[in-house]
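A short write-up of the structure that comes next.
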Amino acid sequence: MPYGYEARSPLSIVRHPRDERAVHSRETGGKHELHFTPQLRKHHTSTIVPFPTSAPYYAGVRNRPKKQRIHKSLEQWLGILAVTLISLVAFETLAVATAMPFVVDILNGRHLYALASGVTLATQLMTTAFAGPWCDAKGPKPSLYTGLLLFTTGLLVATAAPSVEFIVLGRAIQGLGGGLIIVPLYVFVGNYVQPTRQARIFSWFAAAWVLPSLIGPVVAGFFVEHLNWRLVFGIVPALMLIIVPLIIKQFGRFHDLHEPRPLSGYKRTIAFSGMSGVVILAIQMLSGLRGEDFDTKIIVLIIVLSSATLVLTRPLLPPATFRVRRGLPATVLLRLMINGTYIAVEIFLPLMLKEVHGWSATQAGMIMTTGAITWAIGSWVSGRMKNARYRALVPFGGTLVQMLGTAATIAAVSTSVDGLVALVGWLVAGFGIGLVYPALTVHALALTPPERHGRTSSALSIADTMGSALFVAWTGIIFALTLPLGHVAFAWAIGAMVAILAASLLVTRRVLDVTPAKLSTPSPSH
């Protein structure tokens, strides 16, 4: 089925922050129907930078009584405060990624670089599947307030960290909170905002990632070079002192939609998501070992834990995802592979530019900004392809461009090659993933019966988080194993991700040619 479709479903859908062409609803015959806006129907695109904190976002409930809709002034407060929170989360993500190579160097803990960078992904996976059911059962406020508390606490621990081990601890707590923050914001919009105005607020959510992608790396570089690296972690908690009282005051005006209900029917999903996060966290901890510590037992343990991750995430994804079944399973797997490799490489590029070419924090942060810009450009181009033949080539073409751009960055491992080569390569890689990422979202929903749109969107979100967390762990382990070889360790780490992208080219052949009717019959293996 080609990209660019018109989809309808009951008003209970999971949204992802990168898919900024939002939806609106209307009532037909007493039932709510979901309609993608004309822009999404024709052009579906994204201006969102890659962000490892993917989670299911619930943007509506069924049969909402009119009395639950709020005054326009409160609606505006909701939009302003939600956008502010998302901007702070985005800023912190990009700023920390820029500063981390220098922080671990200052604290003499470079061997824990991968763990400190990726631990938030693993812990966020633990709360990803829990936030949605929690909001459904207890309302969005408990999840939001708990997430803010954990997120801020984690950053405060990292701010005061005397060693990299405490940075890891703080980042782990931060990730637990991050998985609980964004979900309730989408619940607030879906439950309380007039359906005709939801699209506007969802577009604000998307725009909230643009400015941080431009200024986050620059500000982080300035803090590290001219002030103190602790400000990278401490500035957001300071701003929270101003914002949280406003959030509690304004969000307290939202009345509960229903009496609190027990968290029933979600235990299996929550359990598998939590166990997956724990196992990936264990793999990431192994990436903190030094090269000489990797013996046969450790290698076997890594293989066992990686296999366990695939087993534990299987119930959270479409049936036969890891067997690359044609259609939706292959689409979800492709998203897992392209997003995971992108995040894993992006984490190591600033470190490479610092270690090999002596770039400053501000200069190294440019890699984050440029990749975000070309990601947005690629999404814009992908969304405006009208020729069906070209749209059908997007999965293969975008993945190929991403692979070539990523491979080009390996050349910068040599001191005889200018570091700008890595920058140019990442420009190309960002454009490639920008082409294919939003198209896969649209395609996955097009392949899914309307009553299962929520499950599919959740699967895409979990695939994003799981792929990023697991591939960051693998990259860190490969880097640690080959670190005695010197700068060549970067080539091995990035090269492994290029190999995964090469394999994903084969997966692109399995994405198309499945109809929703074929998907409506559950797999006997699931």
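Note: Cβ is positioned from N, Cα and C throughout, glycine not excepted.
Remember, predicted model here, so these are calculated numbers, not experimental data.
TrEMBL annotations:
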{"type": "TRANSMEM", "residues": "77-100", "note": "transmembrane segment"}
{"type": "DOMAIN", "residues": "78-511", "note": "domain 'Major facilitator superfamily (MFS) profile'"}
{"type": "TRANSMEM", "residues": "112-132", "note": "transmembrane segment"}
{"type": "TRANSMEM", "residues": "168-189", "note": "transmembrane segment"}
{"type": "TRANSMEM", "residues": "201-223", "note": "transmembrane segment"}
{"type": "TRANSMEM", "residues": "229-248", "note": "transmembrane segment"}
{"type": "TRANSMEM", "residues": "269-286", "note": "transmembrane segment"}
{"type": "TRANSMEM", "residues": "298-317", "note": "transmembrane segment"}
{"type": "TRANSMEM", "residues": "359-381", "note": "transmembrane segment"}
{"type": "TRANSMEM", "residues": "393-414", "note": "transmembrane segment"}
{"type": "TRANSMEM", "residues": "420-447", "note": "transmembrane segment"}
{"type": "TRANSMEM", "residues": "459-483", "note": "transmembrane segment"}
{"type": "TRANSMEM", "residues": "489-508", "note": "transmembrane segment"}
With a cut-off of 8 Å between Cβ atoms, can you find at least three pairs linking the transmembrane segment (459-483) to the transmembrane segment (269-286)? Only pairs 6 or more residues apart in sequence count.
yes
Is the transmembrane segment (168-189) packed against any residues at least 6 beyond its ends, judged by a Cβ distance under 8 Å, and which are they?
15, 17, 53, 55-59, 78, 82, 85-86, 89, 92, 96, 112, 115-116, 119-128, 130-132, 134-135, 140-141, 143-144, 146-159, 161, 198, 201-202, 205, 233, 251, 254, 281
Grab the same-chain neighbours of the transmembrane segment (393-414) for me: Cβ-Cβ under 8 Å, and only residues 6 or more beyond its ends, written as numbers and ranges.
3, 334, 338, 341-342, 345, 349, 352-353, 356-357, 378, 382, 385, 421-422, 424-437, 439-440, 487-488, 490-491, 494-495, 497-498, 501-502, 504-505, 508-509, 511-512
Tell me, roughly as an integer, the mean pLDDT over the domain 'Major facilitator superfamily (MFS) profile' (78-511).
84
Have the transmembrane segment (359-381) and the transmembrane segment (77-100) got at least three CB pairs under 8 Å, pairs 6 or more apart in sequence?
yes
